[in-house]
Amino acid sequence: MGTAAASYYVFLFLTLFATLQSPILAAKKSYVVYLGRHSHVSEPSSLDLDRVTDSHHELLGSCMQSKEKAKEAIFYSYTRYFNGFAAILEDEEAAEISKHPKVLSVFRNQISKLHTTNSWDFLGLERDGEISADSMWLKAKFGEGVIIGTLDFGVWPESESFNDEGMGPVPSKWKGYCDTNDGVKCNRKLIGARYFSKGYEAEVGHPLNSSYHTARDYNGHGTHTLSTAGGRFVSGANLLGSAYGTAKGGSPNSRVASYKVCWPDCLDADVLAGYEAAIHDGVDILSVSLGFVPNEYFKDRTAIGAFHAVENGILVVAAAGNEGPAPGAVVNVAPWILTVGASTISREFPSNAILGNHKRYKGLSINTNTQPAGKFYPLINSVDVKAANVSSHLAKHCLVGSLDPVKVKGKIVYCTRDEVFDGEKSLVVAQSGGVGMILADQFMFSVVDPIAHFVPTSVVSAVDGLSILSYIYSTKTPVAYISGATEVGTVAAPTMANFSSPGPNPITPEILKPDITAPGVNILAAYTEASGPFHIAGDQRQVLFNIMSGTSISCPHVSGIAGLLKAIHPDWSPAAIKSAIMTTATTISNAREPIANASLIEANPLNYGAGHIWPSRAMEPGLVYDLTTRDYVDFLCSIGYNSTQLSLFLGEPYICQSQNNSSVVDFNYPSITVPNLSGKITLSRTLKNVGTPSSYRVHIKAPRGISVKVEPRSLRFDKKHEEKMFEMTVEAKKGFKNDDYVFGGITWSDGKHHVRSPIVIKKAAS
């Protein structure tokens, strides 16, 4: 990724938190103390909850030699689903309590990173804005009866995406509520809005002022993700004239709830408080567009919160992270989480520079970015209109204060990209009186992403930039104009986004992550009215919708589809929904070619998992790989957690014995990964029939250099919910010396259904 493009993602999509990474000078820090699962056998009473809180005071007090000090130190008690507390402790106190036999793990209250009209058409739920009779939307009644929650920046409740017109009563199972500070009001669509800030306050070392005590979204990210998952139909949506159409979420008739846990940083203690609230309130799908560097599962806030959510029947969908394309950068890697990468849709925002010599140079920009066709404006290089006493270097990059307004007025300014955010340059040109900007890249292979500039802008390649400069200096009166548009169906898609974090899984390489990819590049969705499209000084524009990118944007697409599946199949487990999404995914683009990466080289399962989500196929997968809570605990046993740890985690006695301590490769996951193949290995999987009686045959596409055998080669299912097991034997062929990952797949098919699992193999070093 080029430096300017990188700056854009860092700024706009909240992947940089340097201002809060400064050293903590105080001796005390905030920690999360995790005690595992509660043993409540029924809905706990208020007395039960008080007893749990008191037990936390007693436990910490035994280490601090004072129960009163413990009460002062604890700022969250997790009392309902997972057992634990968050407290301000000295390092020595944290180390001491970690030795207590009732304590499963102790970890720092760390920062998680946040990882938006046409995407649903691209996914096949509609065609050119028309909903066909066989659309998944109609079969799912647009997600009616399902509740989708997000852990994010909050919500702008006044957005039309959360209009409740025509919606019936709130589902009786709902136990949540609205924090009504700051004028936040819920309705029959937005049925919950809460905020959790104690973890952030503990980390910064002082209480936040009352303006922070609100579920309202002042950032925009939370509103965007929530409306992407479950927003209603809103006609005329656009960003400054671009991407005009009808905005809607994946489950437009679902109910939605917002849990604000980011200030702007998302601290572990607040995230866990959000998880506990969402579980209690009764959400069906929880969309989590944030993550941190993966940790072992009992010290990973998303793994902990998601496990207890899944245990209560809630599917957790989470972002894979925006640290791509570095191998192994994927986050949210626990097997009970549906982890989502990001890819493109078949829409682009060309903004071309047309010169006075009638040569056209292709660029990109999101904006009302078209000047009157044929009307040329003077074109000038920024270094030739620099302000007095300013260096040519500053003017070259159109930095703040570098241009002379008298010389710039009425002209299109040629600028060069650097590490400063592109939007700041167009703001400088606009404030100096310029009517447009041509922004040339510095590097040959940078990634350029269209953004909503302040003046009509064309961001061009480094090569084209040199040609434009040559025109400026070889022409007596250089002129140009900028012509922009929104084009659909003109590019091959999906391709993997350059920023999408790939595998292999850094914690458990036998579990392929990410699981799936979905639209996450240049997506339009609802936005806060409290901020402009950019979070920079001087952006006073107010928009109802914004275009954003990131795995935090692809994540709610999958959450919305999961909501539709939950509406169609309310009895399916979280694992069954996940399996249906994974085993019906596609690895082929709209150009009928394999999905490519951002460099247009063929991508692989380490980039996209099982493939790109295909909603209509996921409705009727035929077979699923199902899993229970006990299966997940057996998985943890197989990777080395002991009986004591797992008994605390499960909230009941558990013995990690040889019969359940099978190999991790036998874990019933919808993908198959062997990261250290030595000799021959035989693994097993179990398929459950969720369709009609049928016979399935297996089709094998073996990875290069690998022998794959499956027994039996056919499976007959005579009734719904019947389960059948198969075994797969994999072995490296003689002479195969490749030490990198190789890829294949198996597909079980009855002619109607195609249940596909990727195979990912890496031979052990010889």
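Each residue's number is its place along the chain shown, starting with 1.
Placement of Cβ uses the backbone N, Cα and C atoms for every residue, glycine included.
According to TrEMBL, the feature active site, charge relay system maps to D152, H221, S552. What TrEMBL records for 30-115 is domain 'Inhibitor I9'. Marked as domain 'Peptidase S8/S53' by TrEMBL: 143-588. Residues or ranges marked as domain 'PA' in TrEMBL: 398-468. Annotated domain 'Subtilisin-like protease fibronectin type-III' per TrEMBL: 666-761, in sequence order. Feature annotation from TrEMBL assigns signal peptide to 1-26.
Put simply, S552 (active site, charge relay system) is 9 Å from H221 (active site, charge relay system) when counted between their Cα atoms. Sorting the active-site residues D152, H221, S552 by the number of other Cβ atoms within 10 Å puts S552 first. It is 10 Å from the Cα atom of S552 (active site, charge relay system) to that of D152 (active site, charge relay system). Across the domain 'Peptidase S8/S53' (143-588), the prediction's mean pLDDT works out to 93. According to DSSP, the secondary structure content of the domain 'Subtilisin-like protease fibronectin type-III' (666-761) in residues is 1 helix, 61 strand, 34 coil.
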